[in-house]
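Step one of this worksheet: look at the structure below.
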Amino acid sequence: MAWPSIFQRGTLLSQFSHHHVVVFLLTFFSYSLLHASRKTFSNVKVSISKQWTPSAFNTSIELPVEIWSSNHLFPSAEEATLFLGTLDTIFLFSYAVGLFISGIIGDRLNLRWVLSFGMCSSALVVFVFGTLTEWLHFYNKGLYCSLWIVNGLLQSTGWPCVVAVMGNWFGKAGRGVVFGLWSACASVGNILGACLASSVLQYGYEYAFLVTAAVQFAGGIIIFFGLLVSPEEIGLPGIEAEENFEEDSHRPLISGAENEDEAEPNYSIQEDKTITQVKAISFYQACCLPGVIAYSLAYACLKLVNYSFFFWLPFYLSNNFGWKEAEADKLSIWYDVGGIIGGTLQGFISDVLQKRAPVLALSLLLAIGSLVGYSRSPNDKSINALLMAVTGFFIGGPSNMISSAISADLGRQELIQGSSEALATVTGIVDGTGSIGAAVGQYLVSLIQDNLGWMWVFYFFILMKK
């Protein structure tokens, strides 16, 4: 029976000190703030599109059409929409490249410094992109692309660092449910971003960027002074000391190994090395770890669909059903609510079964049905919200599990003695590969929608789930 393995060293709560709680909350809200600033861009796409095609909204008799039109970026809303999709693609490609780099950097520098720098610097870039350019009435496609490339690189410091910190503090026992609950940070960030954007959107989209950037910058300062990256910083034993008899953690993910107590892995190679001088593994060595490539490729397809909802859902609701932008922003929250519940519940089930793969496979199979149902949602907000939450449960849940619990499992295998010197690198590889898939997807979504319509976009999503 799998239950004892989860609680074999006492209940989960009894293992956690107040330091664990503080680390959980700080890493949770730091990544939530990063996601909130990303979500702001998707929540104000309609307003930005209108601002970039101002000739259609010239109601002033004082300004000649020639002068009014000289500042517009695009002659039509369709071209503005296509450029917004291009910006999403640019962001995700730079984000993907940054993840591979940030994972390596995170394993070699202090995780707190890297995370704090990324949060504060990204906040400044978001402020310039969305607020300062509007205040100065300076619209330039090259500038927007450059800023979003830099933002993608800076934002990429977040996920490898927070997963590595969590992996330093929380062991394998109950990791599925702990990381399942914690991985809701992205969805909470989406909800926070939607609420902040909709609350100030009436004053102009630039204030949505201003608010989220200010909150994110403040969060980066708090992280710099308050985050403990490992128990060893305050003299507590690391999780390796508590798990020196733990089985190869990739087995429950791939082959479904039995109870942890049945076998004791051989650590004779690692025992000859000093714990304080752990050498960071190379990028190639991390790629060769069992399960890393397989889960990275699977995550590429999954993140493509998940991020398409993330970037395009408010725009889809406003464009397809004619709902007001603020209403569409608030309604899109239900997708993230479903993802929060899905990630937590599926993580708990995977802990009980000691197998992650079967839980993922079943959820993704049911996700196909949920996508079919949501694509045929009527023009009713209550029904749409319900179908949206179900879709988020079966898509967002597995996405959260792969990017957090499974990444931590892969980065703490017996072959590397669960060293944090590999965890950030492995996390960067998994999430980086997923972001490449998501980057390609965002351009394809805008292209398919522009030429074939939204229904074909959902057909594309279903194909990716297979």
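Every residue gets a Cβ built from N, Cα and C, even glycine.
Remember, predicted model here, so these are calculated numbers, not experimental data.
Residues or ranges marked as transmembrane segment in TrEMBL: 12-34 (among others).
Per-residue pLDDT, averaged over the domain 'Major facilitator superfamily (MFS) profile' (23-466), rounds to 79. Sequence annotations record features per position, and here TrEMBL assigns domain 'Major facilitator superfamily (MFS) profile' to 23-466.
According to TrEMBL, the feature transmembrane segment maps to 80-101 (among others). Only residues 6 or more beyond the boundaries of the transmembrane segment (80-101), in the same chain, are considered here, and those with a CB under 8 A from a CB of the stretch are 38, 41, 45, 48-49, 52-53, 73-74, 141, 144-145, 148-157, 159-160, 283, 307, 311, 315, 428-429, 431-436, 438-440, 442-443, 445-447, 450.
Look at TrEMBL and you will find 113-136 (among others) tagged as transmembrane segment. Outside the transmembrane segment (113-136) by six or more residues, the chain places 30, 33-34, 37, 40-41, 44, 51, 102, 105-106, 143-144, 147-148, 150-151, 154-158, 161-162, 165, 204-210, 212-214, 216-217, 219-221, 223-224, 227 with a CB less than 8 A from a CB of the stretch.
Annotation source TrEMBL lists transmembrane segment at 148-170 (among others).
The transmembrane segment feature in TrEMBL is assigned to 177-201 (among others). For the transmembrane segment (177-201), the list of distant contacts is 12, 24, 27-29, 31-40, 43-44, 47, 162, 166, 170, 207-208, 210-212, 215, 310, 314, 325-326, 329-330, 332-333, 335-337, 339-340, 343-348, 351, 392, 396, 400-401, 403-405, 408: same-chain residues at least six beyond its ends, Cβ to Cβ under 8 Å.
Here TrEMBL flags 207-229 (among others) as transmembrane segment.
Per TrEMBL, transmembrane segment is recorded for 292-313 (among others). Sequence-distant neighbours of the transmembrane segment (292-313) (same chain, 6+ residues past either end, Cβ-Cβ under 8 Å): 38-39, 41-42, 88, 92, 190, 253-254, 286, 328, 332, 335, 339, 360, 364, 388, 391-392, 395-396, 398-399, 402-403, 406-407, 410, 426, 429-438, 440-442, 445, 457, 461, 464-465.
Nonlocal intrachain contacts for the transmembrane segment (357-374), taken as residues 6+ away from its ends with a CB within less than 8 angstroms of a stretch CB, comprise 253-254, 256, 298, 302, 342, 346, 349-350, 384, 387-388, 390-391, 393-395, 397-398, 401-402, 458, 461-462, 465-466. Per TrEMBL, the feature transmembrane segment maps to 357-374 (among others).
Annotation source TrEMBL lists transmembrane segment at 386-406 (among others). Here the transmembrane segment (386-406) has long-range neighbours at 159, 163, 166, 175-176, 178-180, 182-184, 186-187, 253, 291, 295, 298-299, 302-303, 305-306, 309, 313, 331-332, 334-343, 345-347, 350, 356, 359-360, 363-364, 366-367, 370-371, 373-374, 377, 427, 430-431, 434, 465, meaning same-chain residues at least 6 beyond its ends whose C-beta is under 8 angstroms from one of its own.
The feature transmembrane segment is assigned by TrEMBL to 443-463 (among others).
Among residues of the same chain six or more beyond the transmembrane segment (207-229), those with a C-beta under 8 A of the stretch's C-beta atoms are 19, 22-23, 26-27, 29-30, 33-34, 36-37, 40-41, 43-44, 110-113, 115-120, 122-124, 126-127, 129-131, 164-165, 168, 193, 196-197, 200-201. Residues 19-20, 23-24, 27, 30-31, 34, 37-38, 87, 90-99, 101-103, 105-107, 111, 114-115, 117-119, 121-122, 125-126, 129, 178-179, 182, 185, 227, 229-231, 238-239, 403-404, 407-408, 411-412, 420, 423-425, 427-428, 431-432 of the same chain sit 6 or more residues outside the transmembrane segment (148-170) yet have a Cβ under 8 Å from a Cβ within it.
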